[in-house]
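Undergrad: First the structure, which I've put down as structure tokens, then a few questions once you've had a look.
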Amino acid sequence: MAAAPPPKADELQPHPPKEQLPSVSFCITSPPPWPEAVILGFQHFIVMLGTTVIIPSALVPQMGGGNEEKARVIQTLLFVAGINTLLQTFFGSCLPVVMGGSYTFVAPTISIILAGRYDNEADPHEKFLRTMRGTQGALIIASTIQIILGFSGLWRNVVKLLSPLSAVPLVSLVGFGLYELGFPAVAKCVEIGLPELILMVAFSQYLPHVLHSGKGVFGRFAVLFTVSIVWLYAYILTISGAYKNAKLKTQAHCRVDRSGLIGGAPWISVPYPFQWGAPTFDAGECFAMMMTSFIAIVESTGAFIAASRYASATMIPPSIVSRGIGWQGIGILLDSFFGTANGTSVAVENVGLLAVTHVGSRRVVQISAGFMIFFAVLGKFGALFASIPLPIFAGMYCVFFAYVGACGLSFLQFCNLNSFRTKFILGFSFFIGISVPQYFNEYASVSGHGPVHTGARWFNDMINVPFSNKPFVAGLVAYFLDNTMHLHQSAVRKDRGYHWWDKFRSFKKDARSEEFYSLPFNLNKFFPSV
């Protein structure tokens, strides 16, 4: 077969790979002016509220709690999320990531709720307390796996073998894998969810390029503009009686006065450790929660990589990922102490917000943590923002999760896409990463339980939960194939892009690592990164 002729001097060439993302207005170490930083921080707070409300709203009623318990759990989750975000940004990965509730922990929590030992409890409030204590005990044990893998450096050794090729399916499905929380949730109240989605695209992508004056304002503060407009629109629909005769489920999703949070929240309240009582422990539930904790490690690793990209930092070194995972484990330990009924991981939606605003400043996210703690203590005011209808958040998620998924695809610039090895690993890991969880989820929706169904509920969760998780399955398949297939061939190292990240595998190999990821107060002297 004849070779292609060499390109002429004036012929267009492919775009060159970039180690750092250009066109970011404020990178990880360059904060915006204080007024702008405060508004951007408030925007991050608004975005993380969606998950903070959705998870307790789904779990607390099943635990036996009412509106008051739900409001207190949301308040506690918000308070601990603020503390964990500050710990992560100061001492963990040092990336601009919000640490909030994780959907990954929902399945084992529901398994604890359905445990037979709580069936004989007639008092709903007492059942709620007992279930919460059981969840706390499981989370205490689950936190140890992240603390050990993170601070011992064992996870660093795993991440060192990650190449751009194997990172693509992992990071992509951290975003794309949450598609159930996008348009399906928008459609639960399409008359407010769809306008939010359309306005979000218009404000963030079109208006900045159409307007000649103030064009940066609409793109950077798209969340505040669109949420204010659609929330006001939903309020008008509510008070005008548009849902007066609607089904209860429709009213719950569309009306602005059906969350029950404002009435159930106290005016001022500070969450405190073991406010629900002393934790209880069950060995099986602890094992299941530990497996879930491991899945959260994999997901957060993908989210850390995406956040480093959108913050215009260099590729996060494996030792920094490991340090971040260790502090995430501390975060789960705090979750268990305070009683959030959920574990902590990187908030994927807030990583997407970094891309929408083009602002990857660490200070902005730290300011958002201040808002979380402030509004958690002032319960009524926090509940007001938390009562935003959830389809509005779903409309924003369609944009944020898409950006995170696209970040994963962007690492293909370091790979040889003309290699059949590359094509197989990419295609197979994506396909299996979507197909296997789909099978597990469909099986569970039809039969009420996963494909693995034994008498030990904890064992079922240890198998069903990981294989229902898209980024975990895709990342595992890609990682295994990329580190075992044809490694003896000389071109493989270059094809998989491994050489591009060589300088970032050790903290001290690239001077920029010190700028982006070093600890404050000269703590690197006591906690060296390798």
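Cβ from N, Cα, C; glycine included.
Below are the features I grabbed from TrEMBL:
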TRANSMEM  38-61  transmembrane segment
TRANSMEM  73-91  transmembrane segment
TRANSMEM  97-116  transmembrane segment
TRANSMEM  137-155  transmembrane segment
TRANSMEM  217-239  transmembrane segment
TRANSMEM  364-386  transmembrane segment
TRANSMEM  392-412  transmembrane segment
TRANSMEM  424-440  transmembrane segment
Undergrad: I'd like to know if the transmembrane segment (392-412) touches the transmembrane segment (217-239) in this structure, counting it as a touch only when three or more C-beta pairs sit under 8 Å and are separated by 6 or more positions.
TA: yes
Undergrad: Would you say the transmembrane segment (137-155) and the transmembrane segment (38-61) are touching, if the rule is that at least three C-beta pairs must lie under 8 angstroms and be 6 or more residues apart?
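TA: Contact absent: fewer than 3 Cβ pairs fall under 8 Å.
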Undergrad: Decide whether the stretches the transmembrane segment (73-91) and the transmembrane segment (364-386) have at least 3 CB pairs under 8 angstroms, with pairs required to be 6 or more apart in sequence.
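TA: These two segments touch.
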Undergrad: For the transmembrane segment (97-116), what are the same-chain contacts with Cβ under 8 Å, counting residues 6+ beyond its ends?
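TA: Result: 44, 47-48, 51-52, 55-56, 58-59, 62-63, 77, 81, 84-85, 87-89, 131, 134-135, 138-139, 178, 181, 282, 285, 288-289, 291-292, 295-296, 299, 303-304, 307, 328, 331, 340-347, 350-351, 365, 368-369, 457-458, 460-461, 464-465, 468-469.
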